[in-house]
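Colleague: Quick one: this structure, given as structure tokens, is what I'll be asking you about.
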Amino acid sequence: MNSAPKLNTFQHLIGEHQTFLEAKRIAKQFSLSELPVLITGKIGTGKNHFAHAIHLESSRSNEPFISVNCSTHSEETLIHELFGPNGNTGVFQKAVRGTLFLDDVWRMPASVQAQLLKALDSDTEKPRMICASADRSVEHTFRQDLFYRLNILTLTLPELSERKSDIPLLTQHFLSNSGQQLLIDPSVFPVLEKHAFEGNVRELKNAADYMAAVSSGGTIQPYDLPPYIRGTIDGKTSKKKAKLLTLMEKAEFLFILETIKVLNEKGEPASRRIISEHSKNTQTSLTPQQVRSRLDYLEKKDYVTKSRGRAGTKITFEGLSFIETLKNQMI
């Protein structure tokens, strides 16, 4: 049971995609009603957050919001949790003037369904019922008379794959909550947008937490992404391009890219003059003019991005993949 969740008003539900805004609009309308709400959506789409937002916007906002996950309790424990040892001291009674949120409701055992139906059919005061489920495949096992008591106002939440344009906004929001002052390089977003995110917004938050933890500079770079997300990008194209280069060109590009990577990780500028200085004590000595021409090539291939001023040159995710390709071909 959770009776004191973190504040989740509609203002705290982040997103600008039309499908998400429509879900918020419908949810706000539902908050004006006393009828039961059924929220459906995949794992990590924010069912708990929407349920709490509906409660906080409703006339019951000053009363308890109590959440119970029906899939994490045994049959006996769930009955005890909902109705208490003597049938009238459980959370159903405690939430009577507020909202009772039943998560993963289709997983509720048959005996508990019968007792819940009996409580809803009684003449006594009842809580506002909000239910949620991520798995509709077990819906047919739910008793129909109770199903139609709970499934009156239905809200379906969009998956993150349906609103990929919200990924930059959500990522920046999660990073801002990390307690660190972090920026995010624009080259990170295309990589995130190519990932499937089967865990939806929850998985994206986990990725943002990972990036905040491993980042050594003030700006999140593609190499700060979780390995399982970096690994979703296909490196076949870079392998084909590398085969067309001479051995000397491969050595020069490898040196330049590795130098840029190190400078990026340290938060130091990667200008052609600095790269040239680093090359003087190596077998790959390059003048600033030579570095410039090599950087022009790398930029055309999307291996680096060049910026004016202190920011200098940044390596991209494709550039990181190209480093590994060059290393393998030079063994």
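Here, residue 1 is simply the first one shown, and the rest follow in order.
Every residue gets a Cβ built from N, Cα and C, even glycine.
Under the heading ATP binding site, Swiss-Prot lists Ala95, Val96, Arg97, Gly98, Thr99, Leu100, Phe101, Leu102, Asp103, Asp104. Sequence annotations record features per position, and here Swiss-Prot assigns domain 'Sigma-54 factor interaction' to 12-213.
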Colleague: Tell me, by DSSP, whether Asp103 (ATP binding site) is helix, strand or coil?
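Modeller: Its secondary structure by DSSP: strand.
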Colleague: Taking all residues of the domain 'Sigma-54 factor interaction' (12-213) together, what is their mean pLDDT?
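Modeller: Here the predicted model's pLDDT, averaged over the domain 'Sigma-54 factor interaction' (12-213), is 93.
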Colleague: List the same-chain residues at least 6 positions away in sequence whose Cβ sits under 8 Å from the Cβ of Ala95 (ATP binding site), in sequence order, or say none.
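Modeller: Within the chain, Ala95 (ATP binding site) has Cβ neighbours under 8 Å at Glu63, Pro64, Phe65, Ile66, Pro127.
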Colleague: Which of the three DSSP-derived classes (helix, strand, coil) applies to Ala95 (ATP binding site)?
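Modeller: The three-state answer is coil.
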Colleague: Please identify, from the binding-site residues Arg97, Thr99, Phe101, Asp103, the residue with the sparsest Cβ neighbourhood, meaning fewest other Cβ atoms within 10 angstroms.
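Modeller: Per-residue Cβ counts within 10 Å for the binding-site residues Arg97, Thr99, Phe101, Asp103 bottom out at Arg97.
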